């Protein structure tokens, strides 16, 4: 179904599990802020793309490097800690889309430092990236990557976050 009305806050159930010693959820990355970012991401995508869900249940797990590496090895066959992984489980009979987004705060910090970015901005970018994966977007070819990057840039602009690709 195409969603012509805005995706509402009560349609998004975001569960944040911070299991990392590298991140303290502060005002810039509070659960309310992460919920607002997630909601805007879904709203922007739902306005222009077909979907088959009425609600979304997202679990955001913030993990350490050991777990990020273990998950990356197990599911992507790459033996190093990665910044973000998305596990999309589809839409159930009640039209609820379920997904887990796993972010490694230590890797995000290293990347932010290397790229001279603010940690919170980079973290938010990776959350948006994971949400787009949960909604079915991918970047297996240039066309898909361009579409996904354009959405990320548009969503982040709503939060006054600069284009992460320049």
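Glycine residues also receive a Cβ, built from the backbone N, Cα and C atoms like all the rest.
For residue 133 (Zn(2+) binding site), the same-chain residues 6+ apart in sequence whose C-beta sits under 8 angstroms from its C-beta are 86, 88, 99, 101. Feature annotation from TrEMBL assigns Zn(2+) binding site to 129, 133, 139.
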Among 129, 139, the most crowded of the binding-site residues [Cβ within 10 Å]: 129
